[in-house]
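According to Swiss-Prot:
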SIGNAL    1-22  signal peptide
DISULFID  36-50  disulfide bond
DISULFID  43-55  disulfide bond
DISULFID  49-66  disulfide bond
DISULFID  57-64  disulfide bond
């Protein structure tokens, strides 16, 4: 491949990577404005968990906290 084509592919890849990162940051900002709870934070019927995380409560329906999904735990394990 010519150097111009390689440079073009590199630039397109870089732009795609930056756009994906910006989208993640934007979604985090939207969720924080919406008032959702992050991982291991308190939750209730009025205070939902962010990113579709489950709200897990104790047996007497108190001390509810947002738990990470299996996908998040799996991803963190392999990023170490």
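Backbone N, Cα and C define each Cβ position, glycine as well.
Residue environment of residue 66 (disulfide bond) contains 22 other Cβ atoms, counted within 10 Å of its Cβ in all protein chains. If you take the Cα of residue 36 (disulfide bond) and the Cα of residue 55 (disulfide bond), they are about 11 angstrom apart, rounded to a whole number. In the three-state DSSP classification, residue 64 (disulfide bond) falls within coil. Proximity to residue 50 (disulfide bond), defined by a C-alpha to C-alpha distance within 10 angstroms, is shown by the following disulfide-bonded residues from 57, 64, 66: 66. Looking at residue 66 (disulfide bond) and residue 55 (disulfide bond), their Cα atoms lie 4 Å from each other. Between the CA atoms of residue 43 (disulfide bond) and residue 57 (disulfide bond) there is a gap of 9 Å. Each of the disulfide-bonded residues 36, 57 was ranked by the number of other C-beta atoms within 10 Å, and first place falls to 36. Taking a C-beta cut-off of under 8 Å and a sequence gap of six or more, residue 64 (disulfide bond) has these contacts in its own chain: 42, 43, 44, 55, 56, 57, 58. A simple way to gauge crowding: the CB of residue 55 (disulfide bond) has 17 other CB atoms within 10 angstroms, across all the protein chains here. Within 10 Å of the C-beta of residue 50 (disulfide bond) there are 19 other C-beta atoms, taking all protein chains into account. Cβ neighbour count for residue 43 (disulfide bond): 21 (other Cβ atoms within 10 Å of its Cβ, all protein chains included).
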